[in-house]
Amino acid sequence: MFFDVLTLFPGMFASPFADSIMGKAVKRGLVQITAHHLRDWAEGKHQITDDVPYGGGEGMVLKPEPVARALRDLRQRRPHSRVLLMTPQGKPFCQESARQLAGEESLVFVCGRYEGFDERIRSMVDDEFSLGDFVLTGGELAAMTIIDAVGRLVPGVLGNRDSAASDSYSDGLLEYAQYTRPAEFEGMKVPDVLLSGNHAAIARWRRQQQLLRTWLRRPDLLERACLSDEDRRMLQELQRQADSGEQ
C-alpha cells in the first residue's frame with residue numbers, strides 16, 4: 001500500500017516509521033511511505049507556499065496553487081489515490097475509518113500548517129479527517145497516526161493476522177483486560193479463570209470484560225455496537241451486579 005504525504009516538514013516522517021512493526025513493513029515492501037516537500041511544487045525564486053489571509057487576521061494561509069500542482073502530479077503517478085485532508089473540522093477518525101481506508105490502493109495526505117489553508121483546497125480532496133476536538137500545530141501528527149492505524153491493517157503487516165481482530169474497537173467494544181506472568185504481583189492476582197485452561201470459560205470472561213469495560217468507560221459505543229442476545233443478557237447481568245454492589 002502506498003502512503004504519500006504533502007508537507008512542509010518531510011523530515012518529521014523519517015523516525016516514526018523506521019522501527020517497530022511499521023518499520024518492518026516498510027523494509028518488507030508491504031507499505032511505502034513517502035513524504036513530499038510541498039515547496040517542490042511552489043513557483044518563483046522563493047518558492048512561497050503561504051500568504052496573508054484576505055480580510056486580515058493573524059497568521060499565514062496555505063496557498064492553493066502548490067497543493068493543486070502537487071495533487072495533479074501525484075494522481076498521475078497513482079491514479080487510484082484517495083486524497084485526505086488533515087483538519088480539525090474533518091469527520092472524526094475511528095477504527096471503522098481505518099478499516100475502510102485499508103482497502104484503498106494508495107492514500108495521499110495533505111497536511112496544513114500555520115493559520116490554516118485556503119478554502120479552495122477542500123475541493124481538491126476526497127475526505128477530511130480529524131483526530132478529535134483539539135488543534136495541533138500541523139497536520140503531520142494526524143497523518144502519522146492515520147498511517148499507523150491503516151498500515152497495521154494491511155495484510156501481512158501484523159505477525160498474527162488475528163491480532164487486529166481482537167483490538168479495542170474492532171467489534172465496536174473496548175478490549176478485555178490482559179495479563180502475563182507473574183500470576184501475582186504486589187498482591188494483585190491474575191483472575192483464576194485465565195489460569196484454568198478452560199477455553200470456553202476464558203472466552204466468556206473476556207467477552208464479559210469487554211462489555212463491562214465498554215459500559216463503564218465508553219457507554220456511547222454500546223449504542224452502535226452489534227450485540228448478540230447473549231451479549232445483552234451478559235450486559236444486563238453485569239449492570240445488575242454493579243447496581244447491587246456485587247462487582
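Note: Cβ is positioned from N, Cα and C throughout, glycine not excepted.
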Site co-member for S-adenosyl-L-methionine according to Swiss-Prot, given Leu131, Gly132, Asp133, Phe134, Val135, Leu136, out of Gly112, Gly156: Gly112
Fewest Cβ neighbours within 10 Å, where candidates are the binding-site residues Leu131, Val135, Leu136: Val135
